[in-house]
Ligand SMILES: NC(=O)c1ccc[n+]([C@@H]2O[C@H](COP(=O)([O-])OP(=O)(O)OC[C@H]3O[C@@H](n4cnc5c(N)ncnc54)[C@H](O)[C@@H]3O)[C@@H](O)[C@H]2O)c1
């Protein structure tokens, strides 16, 4: 009987039908998003291991985190610079770096992936990690446009897999979309919601549908603004002014598209269009395609709908 109970408990815990209090986090991908997520997690007392493909990239990520923390501290500790410096050191101590994903996930409660937006590469990564991470470890992806169900498919922990969609810049943006697939357990979902709250963010619950909530509304909105302009119904400048002053938006749709990146926007729309070719909201536009073909991706390349210095 005792043996049975032990086996039962072991089996029970190995499928992790319980809430996990997330303390140790492995963030895979030290780019724009991964570095931001690592910074916020470390700032709120979590131990973070940041993983990328090379030491050089990781050193740049840590430098970026330090620079961002300095900006935070300038405001938060304006009249106590020493306390600010202490805070920065304390946060940086919470972040370790690694190029060895296998060892990085060994004591992890959560593995959060923020690598390149490519389904096959994400699937390969999670397929490998599934064999390396402890049974209780929750997996999550920060994908903007790929179905979480597809990313999770090579793993045997579909109940411990969800989406955590952060927004850029992560330290500033309050929202996290928490995505539950049809297989995500209630306990996993609650653990992810609690983790977001512990980060000081506001989580919202989403289904695993294209664009979740924010991008599902924003991308077609930006697309329609481009088509409105293409039909000759308004200049870019007038449409931007109209939406800022008439709808109270902080940026117009063309400014926003340049900020998001026109390559990213096209990638998202083309992916959705492939799945739902007849959906008029998921169509690309000649102007968007032309700018992307010319390498004009928006702010990051110095030119998109507008020119930037
Ligand atoms: N940039 C945004 O505004 C934004 C917002 C929300 C979500 N996202 C999503 O977050 C993810 C990352 O986006 P980003 O803008 O930070 O990209 P990025 O290009 O800035 O960073 C990606 C990082 O992942 C690393 N990487 C690639 N393959 C890897 C692998 N196999 N193992 C370890 N590291 C690997 C790269 O070296 C790079 O440092 C994407 O899925 C994207 O859709 C982006």
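The backbone N, Cα and C atoms fix where each Cβ goes, and this holds for glycine too.
Owing to the predicted nature of the structure, the values given are computational and were not obtained by experimental measurement.
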Have a look through 52, 56, 100 and flag the one TrEMBL assigns to the NAD(+) site that 29, 30, 31, 32, 33, 34, 117, 122, 144, 168, 300 belong to. 52
Among 29, 52, 75, 144, 168, the binding-site residues in the record, which have a C-beta under 6 A from ligand 1? 29, 52, 144, 168
Over all pairs in 29, 30, 31, 32, 33, 34, 52, 117, 122, 144, 168, 300, the listed NAD(+) binding residues, work out the largest Cα-Cα distance in Å. 24
Checking the binding-site residues 29, 31 for other Cβ atoms within 10 Å of each Cβ, the smallest tally belongs to 31
Rounded to a whole number, how many Å is the Cα of residue 144 (CoA binding site) away from the Cα of residue 122 (NAD(+) binding site)? 13
